[in-house]
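Annotation source TrEMBL lists active site, nucleophile at Asp267. Residues or ranges marked as active site, proton donor by TrEMBL: Tyr414. Marked as active site, proton acceptor by TrEMBL: His471. According to TrEMBL, the domain 'Epoxide hydrolase N-terminal' annotation covers 101-198.
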Amino acid sequence: MWLEILLASVLGFVIYWFVSKDKEETLLLGDGWWGPGSRPAAAEDESIRPFKVETSDEEINEDLDSALTPKPVPRPRLRAGIRRDGCGRQGWGDGSKSRARKDLHQRIEKFRLTPPLEDSRFHYGFNSNYLKKIISYWRNTFDWRKQVEVLNKYPHFKTKIEGLDIHFIHVKPPQLPSGRTAKPLLMVHGWPGCFYEFYKIIPLLTDPKNHGLSDEHVFEVICPSIPGYGFSEASSKKGFNSVATARIFYKLMLRLGFQEFYLQGGDWGALICTNMAQLVPSHVKGLHLNMALVLRNVYTLTVLLGRRLGRLFGYTERDLELLYPFKKTFYTLMRESGYMHIQSTKPDTVGCALNDSPVGLAAYILEKFSTWTNEEFRDLEDGGLERKFSLDELLTVIMLYWTTGTITSSQRFYKENLGQGVMANKHEAIKVHVPTGFAAFPSEILHCPEQWVKNKYPKLISYSYMARGGHFAAFEEPELLAQDIRKFMGLLEQQ
């Protein structure tokens, strides 16, 4: 009987595999307008403007009472004191001074901590004993001015696309080998990341020779901010999802003069890059991912059938090590997806709290940098945060969310993409027919075996089991990710 069930299951899987082999279907490119009001009759300004991150004493030390006192303001200003160049709104309440720009230090000092349970470590979330250290460092040591200088080490720009002001950094190689051209590479972040998480990998891609690498592959890197994140303007309308973002980033690459280009992404960036390849496959020369959203019922079934049958479904020994025991994998997914349910249903509610408390914002975001980097960090009193990142790096991420007031709009991206449920979007059923490389980091939230990835990306030419690393690959392991991107490019050029 069990043999018959097994054979029926295998036969069903084989039939499903053949039936589900899609034709090279693409997404409709379409168009959109996401700015306030109706699309104006005049043509959109397509200029590309230099942008600089700025700060001021007022940003950090502004008197709270003064900030809360309503007064006429001749021009809207950002809560952060970030330069406004006449391009749309930024942050909560249109970025205006009235009730939007608070005294950061006073808010940090007045934060109320709840003592953690004994020996709870990071099992209940961010441990408030360690949070005290974060608060003290933030208040007394962290140098935001210095970090602003770090942010400005690469050229920043803004341009209007579909009614939104799109921010991006654009880094060209300082030198090229004779007769070579740089490969244009668009790198897209996710949540709760930002463009800053690529700062350590950029020089390895744009200037490899001066960083101990071969100059066989030299890249010109473009890192945009997803609309509603950081310095990119948030949509004024419902429905702004990953496909709309992909279309905007495609238009950005065209505006920069690139008819063909390469893509790289993880988290939401992986989905956005995937959507770009589905929208305009003829323009995408190669796609490299360190995460893939490829969950389907058939995959769950093959895993549930047990470890001993795994090889029948193409799983390698390494896949089995990372997927099993399945009970552990299942509980990890349940434990780490609570935030997603909130942000996919009512993002504005939790956004109100996070946009009002810098310490609460830090705890909410940094907890992800702990457990998503390595789930075993939950067993540590400090969440293992400083094992992979410096406090300056982590607090820079927090400041980019706090000063721009974009935590709520960043969370809405979950509602727009997942609010109707899994497999409710057309792109989820469409395969990607561009050459693809995949880096499987062992501490990613859910391991994706090669067979899963290949079913969604039939032209998968590179699949790597990475030696170490988790969800924030470019931020945590820039050297490993850069090596795998270069490996993928080498295989791509051999075809």
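Each Cβ is built from the backbone N, Cα and C atoms, and glycine gets one as well.
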Average the per-residue pLDDT over the domain 'Epoxide hydrolase N-terminal' (101-198) and send me the rounded value.
95
Quick check for the class: what is the C-alpha distance, in angstrom and rounded, between Tyr414 (active site, proton donor) and Asp267 (active site, nucleophile)?
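Per the Cα atoms, Tyr414 (active site, proton donor) and Asp267 (active site, nucleophile) stand 12 Å apart.
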So if I draw a 10 Å sphere around the Cβ of Tyr414 (active site, proton donor), how many other Cβ atoms end up inside it?
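The answer is 19.
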Mind giving me a neighbour count for the residue listed as 'active site, nucleophile'? Other Cβ atoms within 10 Å of its Cβ, every protein chain shown.
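Here the count is 23.
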How long is the line from the C-alpha of Asp267 (active site, nucleophile) to the C-alpha of His471 (active site, proton acceptor), rounded to the nearest angstrom?
8
Which residues, sitting 6 or more apart from His471 (active site, proton acceptor) on the same chain, put a CB under 8 Å from its CB?
Gly266, Asp267, Met291, Lys368, Trp372, Thr373, Phe441, Ser443, Glu444, Ile445
Mind tallying the domain 'Epoxide hydrolase N-terminal' (101-198) by DSSP state, helix then strand then coil?
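DSSP classes over the domain 'Epoxide hydrolase N-terminal' (101-198) add up to 31 helix, 20 strand, 47 coil.
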DSSP secondary structure for the residue listed as 'active site, proton donor', reduced to helix/strand/coil, please.
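SS state of the residue listed as 'active site, proton donor' = helix.
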What three-state secondary structure does DSSP assign to the residue listed as 'active site, nucleophile'?
coil
